[in-house]
Amino acid sequence: VVSPNLLCRFSLARSVIDTVENRKEINVRTGGIGDKAARKMYTFDMVFGPAAKQIDVYKSVVCPILDEVISGYNCTVFAYGQTGTGKTFTMEGERSPNEEFTWEEDPLAGIIPRTLHQIFEKLSENGTEFSVKVSLLEIYNEELFDLLSPCPDVTERLQLFDDPRNKRGVIIKGLEEITVHNKNEIYQILERGSAKRKTASTLMNAYSSRSHSVFSVTIHMKEITIEGEELVKIGKLNLVDLAGSENIGRSGAVDKRAREAGNINQSLLTLGRVITALVEKRPHVPYRESKLTRILQDSLGGRTKTSIIATVSPASINLEETLSTLEYANRAKNIMNKPEVNQKLTKRTLIKEYTEEIERLKRDLAATRDKNGVYLSSENYDMAGLISSQEEHITEYTEKIASVEEELKRVFELFEDSKDKLDQCINDLEEKNHKLEETHKDLQETKQKLTEEVFIVSELATTEEKLYTTADKLLTTVDVSTKDVSDLHAKLERKKKVEEHNSEIQISFTDHMDAMFSQMQNSVEDQRNKHQSMLDSYKTSVDGVHEGGDDVVLQWPCPGPGCPEGDCHSRSRLPKD
């Protein structure tokens, strides 16, 4: 949850958080203003932005858990984060000035008042008999204080013991449990506890909580079986408001406040180690190193259903604390609890336990009145308490020694394993060095080949350039040749047309010559016939001359129309001799 209050307090600081509520992601920009690539992404079960309302957080986180509590489970919700990020506001809220608002309608109401309202509402609807008891425990400087104690002495410390019935549970001696009769009483109870809680002003928060608080709600519900036997079902809800982690230098804490901050950070550091040990499934989990982790032992890796509300600041000046909180929450998300429903007690068993407790108290009271019991002086009583405390410390140190021995054994095993791995790594390194030498040789050969290939490529590039030049010339020649071919084709086309024309003329001339030749042939034939006639005539005349001895007159036709004598015959006289 990004606290809405922080947006006002750090309004001048640059925001480094982007919330994607529908994808349940938080993106944190870890770089500078200009570095947009450096960022970390975290995914959770639910993410709320700065505009989220109290009712949104309650419905998403607490409502499902409340049904489990009524079913008989133990559940825990705790708020974790940097000081001033809104943990107490989320858990307790504020009372609006408008008195007309009820706690459930008040927009500023936190988880605790809303939870008590819904518990009474749900149980009243079921119509079963029930009782609701609450307690408010404060852990301040590793000491336990009851914030609801009727005793005016607020410095009275409580003692913490292991629960013999539950190896993960604890018993806080003297812790007051107040029965809540209706939902309206919770406001007075919260005011009463808040008045006693340790707060102080720091540079980070004007009302910084200097302690952890555990608000416990125990519900006893009566059920009747089919056989008519009455059973008591018990459900418990722990609402934990952790003190905020802080940077002592930036918070301005000095002297007492610095010691408080040191104890707060120490307990939160122990909580972080517990979370890490549970996530990594280590054999020893350091629950006993802090009162906080000892009380929350069943909530971390036990049989309790647990939810964590991590509050962060969007301001860039708190980037380190924001990343630390998100890392804590991200690791805690991987803790696997094994929830178990509480055993239902019969009315007879419960009455028997109460009767035994009453009888024990009566015996103690009678012994005190009759003065026949065991009495101790105040020094001896304090000594007995000191011995009990020392025995508890001895048990704790024994467990620590056992855990250290286990850790030492594990470290030794890790050392042996690491040694084997080191030997293997040395062998691998030698093998890798040998391969590296071979690779170096191959690299030199490859470089030589690369140089040769570069030279060849250079020569090929030069040749390619020449080829490009030659190709350009060839293209120019081709263009010219193409033009010449086109001209040649045109010339051939013209020549073809001339030849066709000449052929036509030749054919015409041939026809004309054939006609003239035929005419001449006819004319020659006529002339031959005429000459033959003349020869025959001459022959006849010559024969007559020989026979008569007279002059012979030769006649022949006129040679042609040009003869001046017309169509006459030439004559000639031949002598007889």
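Every residue, even glycine, has its Cβ placed from backbone N, Cα and C.
In TrEMBL this protein carries:
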- 1-335: domain 'Kinesin motor' (DOMAIN)
- GLY81, GLN82, THR83, GLY84, THR85, GLY86, LYS87, THR88: ATP binding site (BINDING)
- 344-453: coiled coil (COILED)
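The Cβ of GLY81 (ATP binding site) has 27 other Cβ atoms within 10 Å, all protein chains considered. The number of other Cβ atoms within 10 Å of the Cβ belonging to GLN82 (ATP binding site), over all protein chains shown, comes to 25. Here the binding-site residues are GLY84, GLY86, and the one ringed by the most other CB atoms within 10 angstroms is GLY84. Comparing local CB density within 10 A for the binding-site residues THR83, THR85, THR88, the maximum falls on THR85. Cβ-based neighbour count (10 Å, all protein chains) for LYS87 (ATP binding site) stands at 27. DSSP assigns GLY84 (ATP binding site) to coil, not to a helix or a strand. Looking at the coiled coil (344-453) alone, the prediction's average pLDDT is 79.
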